[in-house]
Amino acid sequence: MGLPALEFSDCCLDSPQFRDTLKSHEAELDKTNKFIKELIKDGKTLISALKNLSSAKRKFADSLNEFKFQCIGDAETDDEMCIARSLQEFATVLRNLEDERIRMIENASEVLITPLEKFRKEQIGAAKDAKKKYDKETEKYCGVLEKHLNLSSKKKEAHLHEADSQVDLVRQHFYEVSLEYVFKVQEVQERKMFEFVEPLLAFLQGLFTFYHHGYELAKDFSDFKTELTISIQNTRNRFEGTRSEVESLMKKMKENPYEHKTISPYTMEGYLYVQEKRHFGTSWVKHYCTYQRESKRITMVPFDQKSGGKGGEDESVILKSCTRRKTDSIEKRFCFDVEAIDKPGIITMQALSEEDRRLWMEAMDGQEPVYNSNKDIQSEGTAQLDTIGFSIIRKCIHAVETRGINEQGLYRIVGVNSRVQKLLSVLMDPKTASETEVDICAEWEIKTITSALKTYLRMLPGPLMMYQFQRSFIKAAKLENQESRVSEIHALVHRLPEKNRQMLQLLMNHLANVANNHKQNLMTVANLGVVFGPTLLRPQEETVAAIMDIKFQNIVIEILIENHEKIFNTVPDALLTNTQQGSSWKKSNDSKPPSCSERPLTLFHTVQATEKQEQRNSLINSSLESVVSSNANSILNSNSPLQPSVNSSDPELEVMKPTRPSSLPPNPSPTSPLSPSWPMFSAPSSPMPTSSTSSDSSPISSPYRKAKALYACKAEHDSELSFTAGTVFDNDEEMRPSEKKQLAQGHTASK
C-alpha cells in the first residue's frame, strides 16, 4: 500500500486525518532527502578513493538495494514497478562490477552528483521552505481565530464586522498557503520517480563505457536499461499530464472551494468549540466534530491543530434535538445547544462563523431554514451515440486513414479551437450528417479532424466507457497478470450498452491501424493510450486520486488496442458459459413435442400473498409472447369453439394485452439479473408486434389477429399460477354475436 493521496478539498477542513496524511508525506520526503545526501556522499567517496573502490561500490550498492519507493495510490503501473525495481537491479550490477576492479570512473560528478544535489536543493528544499511557511500560517490563523471567537458579543457592531473581515482574510491566506504546500509536496513526490533515478542510470551508463571487462555485463543489462528508459519517459509524460490537471484543480479550488468538496460519508463535519464544565469554571475546548443524519450520531474528537495531537478521548452521542442559542443568553457568538439521547444535560457548541452555525443547524434539523448547498455541476452534452454521431466518427476516421495516417504526432497535435468548432458544427448539422456518402473536404487539416473526433467524444453526456464501469476498468488494469487484465476488460466491454460497444469497436479498430504505422506517425500504442485514456474513461468526480489513476486509464486503452480483435469479435468466457447453459436448456425443452398435459403451463413458486400478485402480473407480461407463438396455430386451426376456463366473477382475473416491457431485454438469459428466480418461457425468435394495426411483421395472419392474448386464471393452490390460451379482441373491433355466445358458454362451463 502506497502513500494516500493529498486531496485539496481536505485543506479547507484541515481534519486530523489530513494532518496525519500530510505527516506521512513529510516523513517520506525527509527519508528521501537523507537517502540522497547519503548517496551523494557515497558517490564522492567512490570517485576520490580509487584505492578503496571495492568497498565504496559495495556500500553504494547496499544503499541502493535497501531503499524502496513509496508510490501514491493503492497500485503501481508496470512502468512504476520497473522504476521501483531499478534500484535493486543497479545494486546487482554494482556487485558484479566489483569483481572487475577497474578504476575507470570519469564524469561521475557531472552525471550523478550534480543532478541529485540540484533535486535535493531545488525540490526537497523548496518543500521544506513551504512547510515552514505552512506551520507559521497555521499558528497565526489559529491564534487569530481564538482571539476572534473570544470577542464579546456586546462589542460595537462596527468593531465586530472589522474583526470578522480580518479573520476571513487570515483564513483565506491560510487556505491558499495550505493548497500551495500540498501541491508542492505532491509535485516532489512525483518528480523523484524520474529525476532521482535518471541520474543513477546515467552514472551506470558512464561506468559501462570505461569498463572493458564489463562489456558482457553491460550487454546483458541493455534490455533492462531500454525498458527502464521507456518507463521513465512514460512516467515523465504521465507526470506532465497529471501535473497540469492537478494544477488546474488547485486553481479551481482557490477560486471556489465549496463547489469541489470531496464526497463525505458524514452529513456535516468540521471544528467546533465545546463548552466543558470544570472545577474552576467553564472552558471551551476545540473538537473536530462529525454528524451523520441517518444514525443521528455526533462524534467529537478533541484536537489541537497547533500541536497536531489529540487532547483527550473521542466522544460519541445520539442527537435528540438542536436549538440555536440566542445572542443575549451567552457571551460567545455563533453558539447552539445540542441535547443527546444517551447523555444527560445540554451540550453547548460554538461554530466558527454565522455561516458555519447555519450549516450545522441545517444538518441537525435545527431551527435554521433548509439550505441545500449541493449543486449539480454536470452539464448535458450535445453529442449523442445516434446515427449522426456514428456518421461523424466514421467520416473523421475515413479522412484520417485515407489522407493522414502517416502524419507525425497524429491525435497528439491539436488543431486550432475555432477551426475545430467550425468543423463540428458542419458535421453535426442534420442536413450534412444525413449525407453519409459525402467525405470531409480536403481543406480541413488532419489535426483539425482528429481534434474534432476527440472533442465529439468528450461532448457525449457521459464517457464512452461509462461512469458506472470506470472503477471496474481501473481495477482490471491493476491486476498483476496481463492475461487476467485482458480477460477482465474483455468481460467488462461486453457489459457496455450495444451502441457504446459498437462505437468503441469502431474507434479501437482505427487506433490499431494508427499504431501499426507508428514508425511513420510516431504514435505507439502507449502514446495513443495517453491521448485517449482521459477521454474515453474519465472519472465522474475530479479529485487528486482520480488524476493519479489516469495512468491506469491509459493501460486500459492500450489493452483494448492491442487485443481489439479478441475483445470485440469473441464472446467472453463467462458469458459464453451462460449462453451454452441457456441453449442446452432451451434445446432440451424444444425437442419435446407439446402435449395436452402441458397446457395450461404452470409455474410453481411459493411466495408471500402481496409478493405473489406482483410476480403474477409481471410473469404474464414477460411470458405472453412466447405462449402465444407456441399455441397460436393450434388455437386458430381448431374447428371447435374455444372454451377458456375463466371465472369472470373473480376480481383477481384480468385480460392482458400482449406488450413487451420496454425495460426488459428481448431474450433474457437464465442468469440475467433481470430474469426471475423461477424458470422462464423461451422467447420467440422474432419479437411480437406491439401495435394491433401492424400485420406485415406479425406471425399470425390478419383474419386471426384477435387471438393474441391469454386469460390469467386463478390457480387451485397458492403455490400455482396457470395460463390457459383463449381469445381476446382488439380495442378497435367489436365482438360478433357468435363469439359472444362462445365466450359466455366458456364462462358458464368454468363456473
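Glycine is no exception: its Cβ is also placed from the backbone N, Cα and C atoms.
Those TrEMBL annotations? Automatic predictions, nothing curated.
TrEMBL assigns the feature region 'Disordered' to residues 728-751, out of the candidate ranges 224-247, 728-751. Helix, strand and coil residue tallies for the domain 'PH' (265-369), in that order: 13 helix, 54 strand, 38 coil [DSSP]. Taken as a whole, the domain 'Rho-GAP' (383-568) shows an average pLDDT of 90 in this prediction.
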